[in-house]
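Here is what TrEMBL records for this protein:
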DOMAIN    2-332  domain 'Acyltransferase 3'
TRANSMEM  47-64  transmembrane segment
TRANSMEM  71-88  transmembrane segment
TRANSMEM  117-133  transmembrane segment
TRANSMEM  140-159  transmembrane segment
TRANSMEM  165-182  transmembrane segment
TRANSMEM  194-212  transmembrane segment
TRANSMEM  247-269  transmembrane segment
TRANSMEM  281-298  transmembrane segment
TRANSMEM  318-338  transmembrane segment
REGION    352-383  region 'Disordered'
Amino acid sequence: MAWPDIAKGISILGVVTLHVGLAVPEGMDTTLAKINTLLDPLRMPLFFLVSGFFATKIFTFTFSQLFARRLWFFLVPYLVWVPVELWLKYREYAMVFGTDPLPWSGYAAHVLQGKNMAWFLYALVLFNVILWLTRRMPRWGVALVALSPLLLLPVHYDWHMAGKAVLYLPVFLAGAYLRPTITRFAEMALTPWRLLFAAGTYAAGLGLMVAWNRFAAGSGDSFELPWPLLFADTIGTSEVRLPVMSVVQLLMLPTAIALTVIIAKIPYLAQGLQNLGRNTLIIYLSHPIAFTIGYHYLQAQLEIVIARDADVWWHTTQFWMLYLFALSVIGALVFQAISRTPVLGWTLTPPKLPEPGRRAPKTVASAAPRQSVDAPVDSPRHT
């Protein structure tokens, strides 16, 4: 199956493009950023759908096996690289705004609450544990669990992962529990009835998104609904938006799968996206660090005025966006080299843990050269 890696490749390409547009002045006004906005309902849902799709082996795991074969591979890079990224980012804040260094309690809060650029690893730990806990539930019970983050809507500002769970836990669980259905759909995705179904659900999702955006723009902060549960008496536009977008994402996913199946038939483009998809962990972790060191530190010192209509080419938004894309490539290559360096490589692909009743595996100093560094994240090859 080529489409899962292509889906991950589209996802990470969209993430990097979004972060490039946000980093560079007027970057979000460029044509590229506007095109990328069309991927907003699909970018992270595709990632979590594929992650759930490849998580079904944990149905047969004990908890110790779940930790050793899966969670361990998320936790090590998360716990190593998040503090590094935070330290570098807060040095930037000190340079630009004169802020104090982040205290140890601040590091702990960011790590424990998932408030950082590697929040997706935090989410994967949480979602895999939830998937494992639901493995013997009836389907209606799983559906209730998928919807349970809605109970936390009033606190999504205070707890970063509450909103992420509303948006992505249903997609992740669907990827796991509906894997046979998704596989059959992907195999027949280009038949007329499947294409018609995908187009219909996409149109429904697009219509819902447009209607919601118009409603939210018109009502603003004045919109409130009574909330009969815990944490608040009412909820507003920002809270209601989360379940609306969750439904939009689910409706658009059949089209996303069909699109990846089509791309799989296009030489070079398919291989390029598959290569990106097999290295999502490296790209996710490296590009924010590369942007901070290679761009934000530079801007803090030089204070270059950047605009789309600048007279000098090296002051233009387009030049600096290209520069950031180049930085993301350099960052990925550096992290690829780290992954192949003895001992340091363990920070990205840690050695396997011994399991009860099994002989401890031989320790390897670095990641295997043919092995995708982020394979434990979304692939069954290491579970």
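One-based numbering along the chain as shown.
A Cβ is built for glycine as well, from the same backbone N, Cα and C atoms used for every other residue.
Within its own chain, the transmembrane segment (165-182) is flanked in space by residues 44-45, 48-56, 123, 126-127, 130-131, 134, 139, 142, 145-147, 149-150, 152-153, 156, 242-243, 245-246, 249-250, 253, 257, which lie at least six positions past its ends and keep a Cβ under 8 Å from the stretch. Counting Cβ pairs closer than 8 Å to the transmembrane segment (47-64), the top stretch among 71-88, 117-133, 140-159, 281-298, 318-338 is 117-133.
On the 0 to 100 pLDDT scale, the model's mean across the domain 'Acyltransferase 3' (2-332) is 96.
Listed as Cβ neighbours of the transmembrane segment (318-338) (distance under 8 Å, sequence separation of 6 or more from its ends, same chain) are residues 16, 19-21, 23-24, 27, 30, 32, 279, 282-283, 285-287, 289-291, 294-295, 306, 308, 344-345, 347-348, 373. Long-range neighbours of the transmembrane segment (194-212) within the same chain, counting only residues 6 or more positions beyond its ends whose Cβ lies under 8 Å from a Cβ of the stretch, are 41, 185, 188, 241, 244-245, 247-255, 257-258.
Of the ranges 71-88, 117-133, 140-159, the one with the most Cβ pairs under 8 Å to the transmembrane segment (281-298) is 71-88.
Only residues 6 or more beyond the boundaries of the transmembrane segment (117-133), in the same chain, are considered here, and those with a CB under 8 A from a CB of the stretch are 44, 47-48, 51-52, 55, 58-59, 61, 63, 66, 70-71, 74-75, 77-78, 81-82, 85, 145, 160-161, 164-165, 168-169, 172-173, 176, 284-285, 288, 377.
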